[in-house]
């Protein structure tokens, strides 16, 4: 029987009992939360009728997938799931109410049932908890789950309208209030606000709960769980973990933590951060690992339990459980793993004595924080420019004012919309919403500034961070003051209190102190307001007015500040600085000097922050001495003539300013500075003349080599340092390299002449080496991909390494010979395709055999740190290091060649790689695989007789496409991989194309590279410098078990021999016990031979020709940038060719989707029917299947695309694959396979097991060594 939830006679007792009871348990042990509800519901395989039940059998909309309705239509199913989790060891179960708000239920037309759904769900959970409590004698608790809803307050659903929102704060509060009522009436013990991807939504939920607790419901313990979406450590709306904690701490949660989106391993650093910044208990319920390529969760119960036990052993958690993909099996093992672990001990205080604010990022104001600049220019009353923009409705331009304030150093941004001609609440809402769309601005907290409390509330309802309210006062009496303060506390904001009471504005020192002291005690004693969230403004008033009574205003503020800080612990002091100098408006130099002097003294007395024009504050010591003394006299009232003297000073000094520096002013510097500037900025225009000028200075640079070793290398060192610090980007570095090559190219003839003269004179030439070291780079034998390698070469060259680039398809003996001939310090190997991994192992073995003891670097798309540590490093006794990308290569090479660092660095690498090997071998033991026979039985099943029969292609055989129109392909280019080549990656919310252009860090450079790409594309296409060729083919096909047999057009498959066979690999890694996913193989999507239904399979191969020749020409001309650009564009055109041709196949050539109407964005999201998997990729990882394609369609003869010995395609800008028309076909990853499938596959292909293991090495689920 559920407790009396609306019993108001003893609300404090109920609160105390529940909170204290849970608190007592948490102090003794780690509690366990349940696992995924959706995961378990999927296991039940419920259909539409189950979801509808009898009550909703005639409902107008489909209900399948609306899991929450099952608490009404299938309560026994939900009850049983709850009970399984409880018996598995869960102390707390969550109600089945993740989407039980009227907002989320509107999608199903059931918004009117929100209250009932919550009450029923709570009742079902309550029944299960009480039954298991009686059964086991261990008290179980029910947490009412309040999900995030499917709408967000911080992100616009419209790209074109960043200020638009499809939900309001008040609507969310109403929805959460209705949901919470149902949960409370149904008997929950805890209210859990979970899976928070937008903190503003969570703040609305907290507001709703507080409303209920104030009305009639006894308070319940509140748990809050956020969701960090990726390794950036931010929520979907862009807030950091600490920012999130600060934003919701006003809700006084008993527990706070994270769930969903990440697995335990990925979640750990963010749980650690949260634990360090909260005094609440910490809860953690991650997913069962990260979702794989197809959305499944692969982490086994034991793996997940191990991770969470590590959390517990390290004192990070108080409550653990599971989210997506987790089951009672996971919870059972987790409960067992943590049962003897000590719980985390929450700190007694977190950032004691600090004012904690947040925008997207946290901002802490502590005892040692310097003066805080609150940007003043976003104020219609204080900035004519801003007011003009807002009045004209030009909010986007007004946003630039805010951005400049932040860039100039504002740590908090004041926003004021108080003007009689404005709709204040609407203007505040629109502008705050726009700020939320700009991460560079939204990272700082806002100060919502208005004399109209309705405007203040409008602003608070838009902000996910913790704001400052500016301001309230005792002007209208205590009741009004306390009512507003109570609301501010409920919104979770700090606030400014003006020194203003019923008698008016405080101007004298004693009055300021008295008013502020009275307000402080009202807030702290009556409302329990955190003293650290109180800011007093003792009124900065105007001086220099000519009125004697105003002369002491500055002194009174400074003296009052000192006393307030000494007597009111925790409180801060702020003020509006521009008021001080209002008498001197129009004289900006005077005003700024007055502000600088005033702040110098006010800060000494304890002023913490001020509303200032960030960036326009002079340093006290930098103010002209005469002006400084005049300001001192005025502020301290030392001279009755101070105002007049300041005015006279302004008239004699004028209002001039510095001239704007002209663009080419750098040309006026010495030649060394010009050379360095040109290198850093990538400016080619003057490089030859400047290099020649330096060469002609024989006194300073007697030899051409001196110029290289001096100003040129100095410039490139700056480039390298900036790149390493993330202040320069790859395209810029490559442009710098292009300038360097031109300069060196100019000097080479002079150096060769000098060398020849020395040889004639002395008979020999002493070689001099200005480089840090020599590095041999090569793409290994059989592989033709080299963009990444070339970029690494350029970056290393920019950092004073000599790079010997051997190109592509480089055999081992050539690599080793070059290393010996050039006395290389390091060898770097690159590869894109999986067979290249074996070639890298071979090179390492040969280096060991020949006793070549120099470091070996491994890189390329197919490589990984794990493969390097497990498969390559053990074969070679010198350092073997995996290098992720160009930006890491310089650091690695520098440490390997530093005599003082290299030994220690190598030891660290050896230890790290040994740990990786141990983890790898342990994971092999933990992985479980279905026997192949069982995996086949659990494969994807289709009712071929009832499904629509396969469509016959418009032709059988092949069709070749010569000289394909490149212009048609431009719109199909996917630009994201293009930017990846240049290592340009935007941060949330500016990831991907075209949003990357908005990114503050890389956006400008991305736009330049994109423009360069389009210019080059236009040239390549208009001048026909590239050619595209391809082939498409179709044949009758039938599946037999895991293989696909192809037949001649006239053949009867049941009686004929196949003309070709494509061999398939099937998923074997055991899936979660709750998963209903089949174990896929590509053959599942082709009609079986025994079905009697005729099916078809297609194939294609396309390529862009001429890329290598153009790239080489650019390289020979010293233009690395264009060399890399043309290769990147060649790859994009080839992929675009594959995309466009597949569209034609679906609509015309095979015509199984003749009416398809998809745009390019839809194609990228894979919204088309059918698939085009490629051999060597996840759905069929075996590259040898290409041999069958090439033979069947005579691809090399018809297109010129050939296969290397490692089965890479040449040219490198090529794509090939198979076409499946089955409307239910999907992309999947085969994943790891076990030995029985390898043996079976070898037998079917009639090759040795060893040969199969060679080609399938990366997906083997066992160790072959």
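Heads up, the Cβ atoms here are built off N, Cα and C, so glycines get one too.
Here the structure is a predicted model, which means the values were calculated and not measured.
Among the features that Swiss-Prot reports, domain 'Hcy-binding' is placed at 19-338.
Residue 324 (Zn(2+) binding site) counts 22 other C-beta atoms within 10 Å of its own C-beta, drawing on all protein chains shown. Annotation note: residue 324 (Zn(2+) binding site) sits in a coil segment as assigned by DSSP. According to Swiss-Prot, the feature Zn(2+) binding site maps to 260, 323, 324, an assignment based on sequence analysis.
Look at Swiss-Prot and you will find 371-632 tagged as domain 'Pterin-binding', backed by sequence analysis.
Marked as (6S)-5,6,7,8-tetrahydrofolate binding site by Swiss-Prot on the basis of experimental evidence: 382, 383, 384, 449, 470, 537, 579, 585, 591. Classification of residue 470 ((6S)-5,6,7,8-tetrahydrofolate binding site) by DSSP places it within a strand. Residues near residue 470 ((6S)-5,6,7,8-tetrahydrofolate binding site) in space but far in sequence (CB under 8 A, at least 6 apart, same chain), listed by position: 414, 447, 448, 449, 450, 495, 496, 537, 611.
Neighbour density for residue 785 (methylcob(III)alamin binding site): within 10 A of its CB lie 22 other CB atoms from the protein chains shown. If you look up Swiss-Prot, you'll see 709, 782, 783, 784, 785, 786, 830, 834, 886 marked as methylcob(III)alamin binding site, on the strength of similarity to another entry.
In the predicted model, the domain 'AdoMet activation' (923-1265) has a mean pLDDT of 92. Residues or ranges marked as domain 'AdoMet activation' in Swiss-Prot: 923-1265.
According to Swiss-Prot, the feature S-adenosyl-L-methionine binding site maps to 974, 1172, 1227, 1228. Within the same chain, the residues at least 6 positions away from residue 974 (S-adenosyl-L-methionine binding site) whose Cβ sits under 8 Å from its Cβ are 993, 1132, 1135, 1136, 1139, 1164, listed in sequence order. Secondary structure from DSSP puts residue 974 (S-adenosyl-L-methionine binding site) in coil.
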Least buried of the binding-site residues 384, 591, 1172, going by other Cβ atoms within 10 Å?
384
Please name which of the binding-site residues listed here, 260, 323, 384, 709, 785, is nearest in space to residue 1172 (S-adenosyl-L-methionine binding site), Cα against Cα.
785
Among 974, 1172, 1227, 1228, which the record lists as binding S-adenosyl-L-methionine, the farthest-apart pair of C-alpha atoms sits at a distance in angstrom of 21
Where does residue 579 ((6S)-5,6,7,8-tetrahydrofolate binding site) sit by DSSP, helix, strand or coil?
helix
Which of the binding-site residues 579, 591, 709, 830 has its Cα closest in space to the Cα of residue 260 (Zn(2+) binding site)?
830
When the Cα of residue 1227 (S-adenosyl-L-methionine binding site) is compared with the Cα of each of the binding-site residues 384, 785, 830, which one is closest?
785
Return the residue, from the listed binding-site residues 1227, 1228, with the maximum count of other C-beta atoms within 10 angstroms of its C-beta.
1228
Taking DSSP as the reference, which of helix, strand or coil describes residue 709 (methylcob(III)alamin binding site)?
helix
What are the non-local neighbours of residue 323 (Zn(2+) binding site), defined as same-chain residues 6+ apart in sequence with CB under 8 A from its CB?
35, 36, 195, 259, 260, 285, 286, 287
Nearest by Cα to residue 830 (methylcob(III)alamin binding site), of the binding-site residues 324, 384, 579, 591, is 324
